[in-house]
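Student: Take a look at this one; I'll ask things after.
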Amino acid sequence: MASSVDNVAPIESNGAKRQAETALRSQEEPRGSYRFKNKRMKNGHAIGSTILKTNGDHEEVLLEDVNALLKSFKLEADGTVESKPVPEHLSEVEVKIEHISSTGDGLGFLKDSNAEHVYVVPFTAPGDVVTAKVFKRFDKSRYSLTDFVKVNIPSPHRDESLVKCPYFATCSGCQFQMLPYGYQLAHKKTIVEKAYKNFSNLPPELIPAIGDTIGSPLQYGYRTKLTPHFDGPPDARRSDGRNGIKRSFKEVPPIGFMKKGTRTTIDIEDCPIGTDAVRKGNKRERKRVAEELSKYSKGATLLLRENTERILKSDYEAPYVVKKYEEAVYEDRGAHIHKKTCVTDPKATTTEYIDDFEFVNPAGAFFQNNNAILPRFTQYIRDHILPLPSDDLNQPKISNLIDAYSGSGLFTITLSSLFNTSLGIDISPASINSATHNAIINNLPSSRAKFIAADAAALFASIETPAEETVVMIDPPRKGCDESFLRQLVGYGPQRIVYVSCNVHTQARDVGILVGGMKRVDGGMGPGVGCYEIESIVGFDFFPQTGHVEGVAVLRRSIGRNGGKRD
């Protein structure tokens with residue numbers, strides 16, 4: 001019943017597109033500063049904090065891996081290997097790849113040289129010998145950023161037959177399509193391990209063994225949201241608006257995503273990690289933009305969001321269904337048919353199902369983008385949010401949930417059956433409205449699942465549930481929790497904490513503070529003393545083919561509010 005991805009948007013052979021040249025580096029616009037390209041990370045919570053020591057940004061993570069490689073790798077220096085000078089800007093070099101960084105890029109040294117300088121080469125695997133072109137040098141830190149040019153000697157881990165996108169090794173979206181999925185999952189486990197080693201500031205004995213990364217049921221066709229974009233007319237200037245100048249397009253601009261390491265948009269007519277419905281929507285939107293090009297005087301971002309309608313199979317047989325939804329994708333889900341369509345209006349609403357839970361959200365709002373893994377993910381949280389009966393140790397029964405950063409209610413709603421009361425808190429009133437509506441359509445009364453709009457950094461003053469009977473769920477943005485929130489959380493002292501994060505480096509930082517203690521904050525064991533221990537840490541692969549991994553850390557109090565120590 002499900003449609004075939006191959007029938008959605010035919011694409012050219014990998015070889016033809018992957019070798020096609022976009023603009024030469026000499027013809028591109030300046031790249032700007034590589035460091036802190038993401039302003040949200042530049043202004044992360046560590047700025048101005050005496051406790052938060054890292055923002056877990058791309059540069060910090062990469063530098064940790066570079067330094068580890070420089071420290072551990074023993075270069076041969078027996079007189080037979082020449083120490084070559086560090087190559088100049090834009091020169092091509094031959095590099096042997098040793099490791100994959102937590103950023104997703106390969107790290108290696110010049111082949112047949114003992115120069116202690118690391119080369120960062122995207123789209124590579126350990127064991128590759130590749131040609132790369134240097135575009136940025138950091139001599140003090142002893143590494144250079146490069147563009148991938150070609151593979152000279154392939155790694156035993158590399159399998160080009162796995163690549164399904166003609167733009168792979170050019171587009172910045174995916175890093176690992178040439179790697180078997182089991183290898184990707186194993187690498188992502190090391191990302192979590194290194195995050196806690198490098199950023200938690202905890203001794204090894206306080207960090208449990210990291211669990212194997214839990215994979216996605218779909219490795220392609222999983223993304224329920226894509227946002228391709230196009231830039232303004234080539235002659236457009238920032239001053240056009242204030243000078244009353246309206247530019248126009250002479251031809252359809254490239255519509256797609258950024259070329260790796262640049263600000264250049266490359267034309268991408270199809271993205272195989274998108275769901276079938278999203279890929280159909282992309283094809284339709286590209287056609288619409290071309291037809292309505294005269295309406296645009298500047299660039300734009302296109303929203304492609306999957307919407308699901310659940311239909312009983314008995315109703316699905318009615319003739320009007322097929323006629324009315326000719327662009328729909330149909331999936332057989334047992335007693336139901338899931339009809340998938342692509343919504344492009346950010347103000348419209350979309351519906352998603354996680355098992356039997358229904359979630360309706362504004363199409364442009366945040367919601368997890370891999371629906372295929374969400375049943376597995378939410379079940380894991382349900383299985384671990386409460387202690388095992390053997391772990392109770394005469395502690396009070398946990399009957400209350402506080403879901404900080406609750407968004408549209410994903411965790412509050414899917415976990416509510418485990419608790420007497422569930423409270424979701426978010427800074428966004430729009431998210432609270434969505435969450436309240438989602439609770440209603442899932443038949444949850446306000447006495448079981450309630451939502452309030454409040455700044456998560458100032459929420460615990462209004463919490464009335466006893467801390468020893470409460471678990472706090474945390475799912476913050478990439479920059480993690482701020483210092484004020486962590487101080488309040490430690491002061492409140494819930495019996496358990498489950499921390500979900502799309503940035504395991506800031507997660508490790510925050511967990512390290514909860515376990516190691518905060519200066520002048522008394523969580524029940526004295527000022528500055530940590531009062532939590534890590535029960536488990538595991539990664540989830542929400543984004544196969546990429547270097548991203550979602551972290552789930554479960555913490556428990558190492559001492560009860562009654563002063564009884566855990567044995």
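Heads up, the Cβ atoms here are built off N, Cα and C, so glycines get one too.
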Student: Among 1-34, 35-68, where does TrEMBL put the label region 'Disordered'?
Tutor: 1-34
Student: Rounded to whole angstrom, what's the largest C-alpha distance between any two of Gln368, Tyr405, Asp426, Asp475, listed as binding S-adenosyl-L-methionine?
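Tutor: So the maximum pairwise Cα distance among the S-adenosyl-L-methionine binders is 16 Å.
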Student: Quick one: which residues besides Gln368, Tyr405, Asp426, Asp475 have a Cβ within 8 Å of the S-adenosyl-L-methionine site's Cβ centroid, in sequence order?
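Tutor: Near the S-adenosyl-L-methionine site, the remaining chain residues are Phe366, Asp403, Ser406, Gly407, Leu410, Phe411, Pro476, Val500.
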Student: For the binding-site residues listed here (Asp426, Asp475), which one has the lowest count of neighbouring CB atoms within 10 Å of its own CB?
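Tutor: Among the binding-site residues Asp426, Asp475, the sparsest Cβ neighbourhood within 10 Å belongs to Asp475.
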Student: For the domain 'TRAM' (91-136), what is the mean per-residue pLDDT, to the nearest integer?
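Tutor: Mean pLDDT, the domain 'TRAM' (91-136): 95.
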Student: Summarise the region 'Disordered' (227-246) by DSSP state, stating how many residues are helix, strand and coil.
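Tutor: Across the region 'Disordered' (227-246), DSSP assigns the residues as follows: 3 helix, 2 strand, 15 coil.
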